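What TrEMBL says about this protein:
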type	residues	note
DOMAIN	11-42	domain 'PutA RHH'
DOMAIN	89-136	domain 'Proline utilization A proline dehydrogenase N-terminal'
DOMAIN	148-259	domain 'Proline dehydrogenase PutA'
DOMAIN	268-569	domain 'Proline dehydrogenase'
DOMAIN	659-1103	domain 'Aldehyde dehydrogenase'
ACT_SITE	E883	active site
ACT_SITE	C917	active site
Amino acid sequence: MGTTTMGVKLDDATRERIKMAASRIDRTPHWLIKQAIFSYLDKLENSDTLPELPALFAGAANESEEPVAPQDEPHQPFLEFAEQILPQSVSRAAITAAWRRPETDAVSMLMEQARLSPPVAEQTHKLAYQLAEKLRNQKSASGRAGMVQGLLQEFSLSSQEGVALMCLAEALLRIPDKATRDALIRDKISNGNWQSHIGRSPSLFVNAATWGLLFTGRLVSTHNEANLSRSLNRIIGKSGEPLIRKGVDMAMRLMGEQFVTGETIAQALANARKLEEKGFRYSYDMLGEAALTAADAQAYMVSYQQAIHAIGKASNGRGIYEGPGISIKLSALHPRYSRAQYDRVMEELYPRLKSLTLLARQYDIGLNIDAEEADRLEISLDLLEKLCFEPELAGWNGIGFVIQAYQKRCPLVIDYLVDLASRSRRRLMIRLVKGAYWDSEIKRAQMEGLEGYPVYTRKVYTDVSYLACAKKLLAVPNLIYPQFATHNAHTLAAIYHLAGQNYYPGQYEFQCLHGMGEPLYEQVTGKVADGKLNRPCRIYAPVGTHETLLAYLVRRLLENGANTSFVNRIADATLPLDELVADPVEAVEKLAQQEGQAGIPHPKIPLPRDLYGEGRINSAGLDLANEHRLASLSSALLSNAMQKWQAKPVLEQPVADGEMTPVINPAEPKDIVGWGREATESEVEQALQNAVNQAPVWFATPPQERAAILQRAAVLMEDQMQQLIGLLVREAGKTFSNAIAEVREAVDFLHYYAGQVRDDFDNETHRPLGPVVCISPWNFPLAIFTGQIAAALAAGNSVLAKPAEQTSLIAAQGIAILLEAGVPPGVVQLLPGRGETVGAQLTADARVRGVMFTGSTEVATLLQRNIATRLDAQGRPIPLIAETGGMNAMIVDSSALTEQVVVDVLASSFDSAGQRCSALRVLCLQDDIAEHTLKMLRGAMAECRMGNPGRLTTDIGPVIDSEAKANIERHIQTMRAKGRPVFQAARENSDDAQEWQTGTFVMPTLIELENFAELEKEVFGPVLHVVRYNRNQLAELIEQINASGYGLTLGVHTRIDETIAQVTGSAHVGNLYVNRNMVGAVVGVQPFGGEGLSGTGPKAGGPLYLYRLLAHRPPNALNTTLTR
């Protein structure tokens, strides 16, 4: 008998062999079959003879090739996820393996590759010294470049004034209304110590600017001082602010223009002629960040097409080496350019890339694919490979690709590119840069708890990597046309000598950034007779308006202002030139002598795991862009999906199975996740007695031992992350990213409370309450469930845990982990069931000495009434720690960056299908930017995929059950009936549309209200309300938000510190987020909790939480903890 796998008919014996082999290497059968096919194709491409067919598939190849009808198989969870795992060649697998390798390993391998021979090292130092000396001694650059460079050097990013200038440059030119622009200018200038900069710079312009800013600053800061007459205030108000606005506006435009070649491609081409006459070449880049909407992507596509036509005509047949070229950013061509959306990228982005490349070929101009964030590298390699084998591009050498030396994968990427060039029989143009996203790469790895950084933590390691990579590129001139982008004199000199003196046109080129590198390359590009090095330099030339400049400008300002930057250091006359042009390999060797090993990471940049210091470790994450991690996760998901999960009461004594009911996946009714049953009245009674009996035993356990048990539970939970992810996806409807975050949060709670009780508690002085009931919600069925229990246990209480009835399977696994870690039976017990039965019996019992609750405000109010009359031995009320919902708002003024706002609103409103206590419910937009913001938001919503979260591609999963769905849809219908504009959107997909009918899905929804008060209660789902406000109504708006009575979270997006101070000083909320999303509070970093109708406090994951779970504490205990 035969069955079908991936359309190939296999006999059962072969199918079993594949299954066994796959399980042995922790992969799925689908992955193994794909990999075998991939390997065979690889051999075909690299060989002139037909390779022998693997025996495994010989039988399959001889089978009848008639199409096999698909079989109607039962639902298999995560099968679609498994089918999306990509096979890898040996060279690609090596790249992935090096992604976050230890820095010591990476640097040690680079040292010998980067080392210059003694003669070359001597020649390099001599030339680098000459270049740097001329650069430092040459007359200060004149015109705009010199003015801006002077400003940047004087006002460094380490000064308040430098940061103020960067904020102005980033925001001022895009603000549409004068009032907000004036407020931003006042905000950034009035607090600056500009006087300290007078006379320090030799540049007349900088001193003039300083005097101007000082005058302006005084003008602004004294605007409201009592000692000035009202008439002077009136004069300043009438004539001063427009003057200030005009002056600062001019300065900011000047700074922007320094880094942009032209506002249009026609302007840029015209502005480039002057340097082209000196021998420089250009690669034009149409400015703009990642597209968020289909309209954005289409606009960028048109912009690139127009640019290629214009550049191509201007090239006039000079070819890919001598003529101008274009650089394109793939994230600008598609709103969902990521590994998670791999199929969409290949189906939708690739044709656009191919179309642009064919157009570039038509004019014979080089087209470079720009480098972006580290998690996009490997998908960009897949696009490049596909492009290289296009028949229509055969024999053309104008395809270019950018690689980043600061990435640990870079040397292995070069190996792959050399192999790709060989296989596709072409010469690739490879631009080697150092990398421009360093800050965000470090931050992302820390936030996501990844095992290491994709980039080096020390600039000198990147310099070593650059040299090693340059040597690899120069070694294969027939396959690679190297383009060395550097502003560093030593790097330039080393490449010049490594490439040899027998230069020929088309051998290699240097590159620099417009507005930054020209002074250095004036010495390089030109005839030897004129004292130049006669080597070509191509200028990377951004093109765009001030509105598109922002993110690029900030990267350039950061790059210029960094104290490790050559451009920054060359201007420091106190720095010896020998130090400035030192060989990075020698510098690393000196560091190694001091530190005992080469490649030790920067001492101020701990690994993500060690982010919190010695007190506790950071929870480990899982990188969903890493093919190896995805393959391992896929295998675990498939194997665990077969497990029969159960949830029944867990007491000190064994319990009967009883009559079980099925637990259904809210996204897929055919998927029975497991079986569960409710605790009986007698079981609850027995559990209560057990808790009373075990309370003294657990309290007597030393705090250090309790802490050790919780830390063991954290380790076990991390070890079981993959199976917990599968359960969270199926039972709670979590997407993969949400499920990972939830496991991490639970682990963080265990570590955090364990650390606190280990360091601060003593059983003689810190006495627990006794039996504590923990009632947790379904929206965070592992994190909040674990957090409540961990806190109660850490403080020495016995625990009766009642999870939400919708998610009892996850709770059962959480309890199993705690028991395995060493919590004694009876100290923690699980009592699944409904609130009105199990919950009511538990909270009404006099033996319960504390209640922890997360859920609705209505239920919290009932609980408070029920236990209000019960007092402890000292006559105090029984503690209730309640965390409920909120009508959470985000206030956005016109200084905010719209793209950032839209990304943060999507995450805050629709992530987790809006089923977070902290989720954004009301977006408050300043009138001046409301239409623009809403247009982009609607477009971004339409790109989100709603469906079964068992797929990696899903952004928005189901709401928890049919009752929740009905309540949300009832609210939407009510708003429609009132005549309120309602917008609903998600990505249209026929497969998803079918799921929407059978699962409990609610389309992401946008509803415009007339005012904030129109929303009377929280709507717990993917529904965002919008309110518009006038700039001068901010105080009134905050009052309306406070008047709702809720006080959980609030967000504010603005570049004006005064506005931030006004909101933070007036809003009555527990957590306030500035210029970021409003969800995902981190344990121990952002303690979470509300006030008013949103909760009782203290905040979970904060230093005060455990003290609410004590009957007695020392008088100074809180101070001891807070000052630690």
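Placed from the backbone N, Cα and C atoms, the Cβ positions cover glycine too.
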Rounded to the nearest Å - Cα separation of C917 (active site) and E883 (active site): 9
Integer average pLDDT (0 to 100) for the domain 'Proline dehydrogenase PutA' (148-259): 61
C-beta crowding around C917 (active site), within 10 angstroms: 26
Helix, strand and coil residues within the domain 'Proline utilization A proline dehydrogenase N-terminal' (89-136) as assigned by DSSP: 39 helix, 0 strand, 9 coil
Close in space, distant in sequence - E883 (active site), Cβ under 8 Å, 6 or more apart: I784, F853, T854, C917, F1088, G1089, G1090, S1094, G1095, T1096, A1100
C917 (active site) - helix vs strand vs coil (DSSP): coil
Three-state secondary structure, which DSSP defines for E883 (active site): strand
